[in-house]
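Q: Copied straight from TrEMBL:
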- 23-288: domain 'NADH:quinone oxidoreductase/Mrp antiporter transmembrane' (DOMAIN)
- 56-76: transmembrane segment (TRANSMEM)
- 96-115: transmembrane segment (TRANSMEM)
- 149-167: transmembrane segment (TRANSMEM)
- 179-196: transmembrane segment (TRANSMEM)
- 202-222: transmembrane segment (TRANSMEM)
- 234-254: transmembrane segment (TRANSMEM)
- 274-294: transmembrane segment (TRANSMEM)
- 290-342: domain 'NADH dehydrogenase subunit 2 C-terminal' (DOMAIN)
- 324-346: transmembrane segment (TRANSMEM)
Amino acid sequence: MNPYALSILLSSLAVGTITTLSSSHWFLAWVGLEINTLAMIPLMTKMHHPRSTESATKYFLTQAAASALILFSTIMNAWTTGEWTIITMNDNSSTLMLTIALAIKLGIAPFHLWLPDVMQGLNLTTCLILATWQKLAPMSLMIMTNHQLNTNLLVTMAVLSAVIGGWGGLNQTQIRKMMAYSSIAHLGWMTLVLSFSPNLTALNLMIYLMLTSSMFLMMTTLNSTNINKLSTSWLKAPLLASSMMVTLMALGGLPPTSGFLPKWLILQEMTKQHLGAVSTLMAMSALLSLFFYLRLSYAISLTTAPNTSNSNMTWRMAHNQMQILPTMIMLTTMMLPITPTLLAMLN
């Protein structure tokens, strides 16, 4: 892609998200979401492949439907209350429609079906943007309106997302689809605690962004898109492959990695709210997700590649644009000891 066009599209993505994050008026927030969607579609179609065109079409249709629903719900709210500000969604029907629209935008179950298919048709860099940056604006709107959203609906969608996110990734061989189901499961954890402690949702979102970013950056460096390609990565870069294994454990929520922190705090908050059954179901669904992360880890470290590699083992990686990767790997593994500091910052 032309560097000038790429810079304009990435700038538009940034402008769209910042507009939504900084707005207090529903129309401005909606405009930010639209700029985001329209900047994303050319990035999706830059591969000139039928699968990427299909992904861009599916993405456009779902996001357009969600945007229309957001606009409709905010107009209905303005009609009944006379207010356009984000924090005054007092009409029940409008709030219900807004929750559904934002769930479609994010890919929360049962509105998740577009996400795995769209991610499978994209290259790894565009997948990284879709799985991380594109979650910021809709999730910020959910956090801003958390006190007005229907708690029962959020908890139901959260449990569904965690179960479907774990179940859907079990039989996948394509890593992009696995990461899509991983994203759905993590969104379920964020949605679960949204009504009770939005600070924990923000913390979970921050850690999810770091874990997913480091995972996609490592996949891009190793050029791995399925399990067979991943199984040869140990020969190419042993240190990076072992780092990917630790990152996968962090995504699964195993201590002492950073991924354990949000799950631990969310389950603690749920038990404080006397939601023992929901907590148990969420913890069991996390085991489903952990299974396919372990499967990937097994493929990386404990299996022999199905073909013979004739390349010499490199003692260091070639210089590339991944200077941020060591920092991301450190953050994915080392944040548990600074839990009190993070909680103090959020409160």
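Quick reminder: no glycine exception, Cβ is built from N, Cα and C everywhere.
Automatic, uncurated: that is what TrEMBL annotation is.
How buried are these features, and what lies next to them?
A: Only residues 6 or more beyond the boundaries of the transmembrane segment (56-76), in the same chain, are considered here, and those with a CB under 8 A from a CB of the stretch are 26-27, 30, 33-34, 37, 40-41, 44-45, 84, 89, 91, 93-95, 97-98, 100-102, 104-105, 114, 117-118, 121, 130.
Sequence-distant contacts of the transmembrane segment (96-115), counting only residues of its own chain at least 6 positions beyond either end whose CB sits under 8 Å from a CB of the stretch, comprise 33, 58-59, 62-63, 65-67, 69-70, 72-74, 76, 89, 135, 138-139, 141-142, 145, 149-150, 153-154, 157-158, 160-161, 163-165, 180, 183-184, 187-188, 191.
Nonlocal intrachain contacts for the transmembrane segment (179-196), taken as residues 6+ away from its ends with a CB within less than 8 angstroms of a stretch CB, comprise 103, 106-109, 112, 115-116, 118-120, 127, 131, 135, 139, 142-143, 146-147, 149, 151, 154-155, 157-166, 168-169, 172, 204-205, 208, 212, 215-216, 251, 262-263, 266, 269-270, 273, 278, 282, 285-286, 289, 292-293.
With a cut-off of 8 Å between Cβ atoms, the residues of this chain six or more beyond the transmembrane segment (234-254) that come close are 182, 211-212, 214-215, 218-219, 221-222, 260, 262-263, 286, 289-290, 293-294, 296-297, 300-301, 305, 309, 311, 313-314, 317, 329, 332-333.
Away from its own ends, the transmembrane segment (274-294) comes close to residues 155, 158-159, 162-163, 165-167, 169-170, 172, 178, 181-182, 185, 188-189, 192, 248-249, 251-254, 263, 266-267 of its chain (Cβ-Cβ under 8 Å, at least six residues beyond either end).
The average pLDDT computed over the domain 'NADH dehydrogenase subunit 2 C-terminal' (290-342) stands at 74.
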Q: With a Cβ cut-off under 8 Å, give me the same-chain residues at least six positions beyond the ends of the transmembrane segment (202-222) that come close to it.
A: 124-125, 127-128, 131-132, 135-136, 139, 143, 175, 179, 182-183, 186, 189-190, 193, 229-230, 233, 236-237, 240-241, 243-244, 247-248, 250-251, 258-259, 261-262, 265-266, 317, 320, 322, 324-325, 328-329, 331-332, 335, 342-343, 346
Q: Who are the chain neighbours of the transmembrane segment (324-346) in space, where the CB to CB distance is under 8 Å and they lie at least 6 residues beyond its ends?
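A: Non-local partners: 199-200, 202-203, 207, 210-211, 213-214, 217-218, 221, 243, 246-247, 250, 255-261, 265.
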